[in-house]
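Visitor: Handing you a structure now.
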């Protein structure tokens, strides 16, 4: 359950960011986060295979205060990822919302609650091995 953090990332309004890789064989969860830092996340995209009370659920949220500042979650049970499989997620955003395109899966939207136009921080954490990050 390693993690990757990229700082000084050039993810601005109108650009696309694609991350891909392989899900572990017995996953609990993995998340993709974009924002200004680990404590200021405009999008927390958490795939929960089997985590707490959640099974096969995508949870999206945001925070300006790290773990003490989580806002209202948005959830989707349109869950198409599975253990051991390749995944690819493409993100883009504008001043109002994020657009999330999961390969062979749902297209989701999430509000850009803080109206940020420059998100230099990317992190990936949890039960997946990253093989692709491209802008």
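Easy rule for this one: first residue shown is 1, then count along the chain.
From the backbone N, Cα and C atoms, a Cβ is placed for every residue, glycine too.
A quick note: this is a predicted structure, and the numbers were derived from the prediction, not measured.
Take a look at what Swiss-Prot says about it:
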type	residues	note
BINDING	70, 71, 72, 73, 74, 75, 76	beta-D-galactoside binding site
DOMAIN	3-135	domain 'Galectin'
MOD_RES	1	N-acetylserine
Visitor: Select the most exposed residue of 72, 74, 76, where exposure means the fewest other Cβ atoms within 10 Å, treating these as the binding-site residues.
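Guide: Among the binding-site residues 72, 74, 76, the sparsest Cβ neighbourhood within 10 Å belongs to 72.
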Visitor: Other than its own, how many Cβ atoms are within 10 Å of the Cβ belonging to residue 70 (beta-D-galactoside binding site)?
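Guide: Around residue 70 (beta-D-galactoside binding site), other Cβ atoms within 10 Å: 14.
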Visitor: According to DSSP, which kind of secondary structure is residue 73 (beta-D-galactoside binding site) found in, if we only use helix, strand and coil?
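Guide: For residue 73 (beta-D-galactoside binding site) - judged by DSSP and reduced to three states - the answer is coil.
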Visitor: Which number gives the other C-beta atoms within 10 angstroms of the C-beta of residue 71 (beta-D-galactoside binding site), all protein chains shown included?
Guide: 14
Visitor: Given a separation of at least six residues and a C-beta threshold under 8 Å, show me what packs close to residue 75 (beta-D-galactoside binding site) in the same chain.
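Guide: Listed in sequence order, they are 57, 58, 59, 60.
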Visitor: So if I measure Cβ to Cβ from residue 73 (beta-D-galactoside binding site) and keep only same-chain residues at least 6 apart in sequence, which ones fall under 8 Å?
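Guide: Result: 59, 60, 61.
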Visitor: Would you mind giving the whole-number mean pLDDT across the domain 'Galectin' (3-135)?
Guide: 96
